[in-house]
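Single-structure report; data block below.
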Amino acid sequence: IDCDKMAMKNDSTVTEFILAGLTDQPELQLPLFILFLVYHTVTVVGNLSLMSLIFLNSDLQTPMYFFLFNLSFIDLCYSFVFTPKTLMSFVSEKNTISYRGCMTQLFFFCFFAHSECYVLTAMAYDRYVAICQPLLYMVIMSPRTCSLMMFGSYFMGLAGATVHTVFMVRLNFCDSNIINHYLCDIFPLLQLSCSSTYASELVSSVVVSTVVIASSVVILMSYVLIFLNITQLSSGKGLYKAMSTCSSHIITVALFYGFGMLSHIKTSSDESVVQEKILSVFYTFLLPLLNPFIYSLRNQDVKVTCVSQMIMENDSSVSEFFLMGLTEEPHLQLPLFVLFLVNYTATVKRNLSLMNFIFLDSNLHTPCIILSSVSFLLISIISFVFTPKNANKFSFREEHYLLQMMHDSAVFLLLVCELRELCVDSHGLRSLFGHLSVTVVQGYYVTGDMFYADI
């Protein structure tokens with residue numbers, strides 16, 4: 001598209017637009033910013049991970065995963081079209097976008113949306129060939145055929161986006177420049193035009209209808225033939241495999257077309273505008289986020305490949321370790337076993353008893369005591385970690401364990417003192433224990449409440 005020539009032909013006085021965003025309520029701006037930032041981050045990480053997994057693993061170099069790779073690529077690019085400006089609307093007082101920037105956003109929005117429709121159509125045909133003609137699958141879905149199908153998908157998406165953008169650029173915008181949406185979509189822009197929008201609306205309706213009807217017919221025909229084929233299968237295992245292969249694609253198609261069509265139903269009431277924004281969020285933000293999870297969690301090949309990839313990354317030949325314990329002296333084994341068993345039993349019993357006592361007595365529901373009870377819960381959990389093996393997963397020494405026993409007992413006495421209100425002003429005792437930390441004392445790593453306030 002020659003933007004300079006179009007700009008000369010366009011007599012619009014509007015040089016920039018203001019995106020109204022999702023909401024104008026100030027108290028919702030920050031939560032929505034954080035929410036959509038998390039959505040975008042997960043979308044980028046999820047799609048990049050799935051693309052990397054397919055690209056690097058030779059077991060996934062099949063037509064099905066070739067189309068899935070392109071679907072993830074489209075979703076990744078799709079999210080970058082409108083997410084930055086949407087996030088800006090939550091943190092800026094006036095989220096503006098230039099006229100050319102708005103037309104560019106509209107072009108890429110239509111390009112990736114149309115391309116995804118055709119990619120989903122190609123994936124449906126791929127499933128039909130895989131289930132109904134399995135012996136000829138690799139012949140029909142050859143690399144050349146798959147490449148041509150993807151080229152056709154992108155080319156048709158490019159053609160549709162070009163038509164939408166050209167007819168939008170021909171319109172004049174001379175009055176209001178506030179777009180009641182969070183992106184430059186077709187219908188919100190048509191509502192702002194001060195010239196006749198009949199031709200643009202007609203062309204947009206024809207293009208969208210052609211894309212939806214053509215892709216829907218191919219998808220429906222593919223699954224009708226698949227259904228007729230699997231009903232003839234006598235094996236329950238074959239029926240289950242066929243359905244599990246198609247389920248992810250069916251879910252994606254239903255969500256994409258369902259929310260896409262609902263959000264583009266033209267209405268004029270204020271409530272319907274809000275409803276349109278909410279529905280648009282589903283197919284612009286949630287679908288690119290959900291697609292990697294739909295195809296990975298419901299696809300056995302992807303899950304197996306992920307597990308095998310993680311196993312391959314670990315080249316260790318060692319399958320188990322030996323713990324040396326606290327001492328190698330045979331005559332100390334039994335006394336230490338009894339000592340640790342008694343301490344372990346007493347630790348668990350006293351911590352649980354005191355936690356139960358605090359929980360049942362409403363007079364003890366103060367912030368200080370509740371936080372102390374939480375520390376006792378953590379101490380109990382820590383004791384469960386290393387006591388059964390008589391050592392931590394790192395090498396414990398006798399001094400470490402004795403210091404841990406002293407620490408547990410000291411914290412127990414501290415909380416008893418707090419319960420009896422005897423240590424309210426005891427600054428020395430409080431500074432003795434301090435807060436939870438990890439401190440190095442004479443070269444030993446000791447976990448607990450050490451005397452960091454006085455050291």
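Note that Cβ sites are derived from N, Cα and C of the backbone, with glycine treated the same way.
Annotated features, as they stand in TrEMBL:
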DOMAIN    46-295  domain 'G-protein coupled receptors family 1 profile'
TRANSMEM  32-56  transmembrane segment
TRANSMEM  63-83  transmembrane segment
TRANSMEM  103-125  transmembrane segment
TRANSMEM  146-167  transmembrane segment
TRANSMEM  202-226  transmembrane segment
TRANSMEM  238-258  transmembrane segment
TRANSMEM  278-297  transmembrane segment
TRANSMEM  364-387  transmembrane segment
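Counting C-beta pairs under 8 angstroms (sequence separation of 6 or more), the transmembrane segment (278-297) reaches the transmembrane segment (32-56) with 3 or more such pairs. With a cut-off of 8 Å on Cβ pairs spaced 6 or more residues apart, the transmembrane segment (63-83) and the transmembrane segment (202-226) reach fewer than 3 such pairs and are scored as not touching. Averaged across the domain 'G-protein coupled receptors family 1 profile' (46-295), pLDDT in this predicted model comes to 87.
Same-chain neighbours of the transmembrane segment (32-56): 22-23, 65-66, 68-69, 72-73, 75-76, 79, 83, 86-87, 90-91, 285-286, 288-289, 291-293, 295-296, 302, 305-306, 309, counting only residues six or more beyond its ends whose CB sits under 8 Å from a CB of the stretch.
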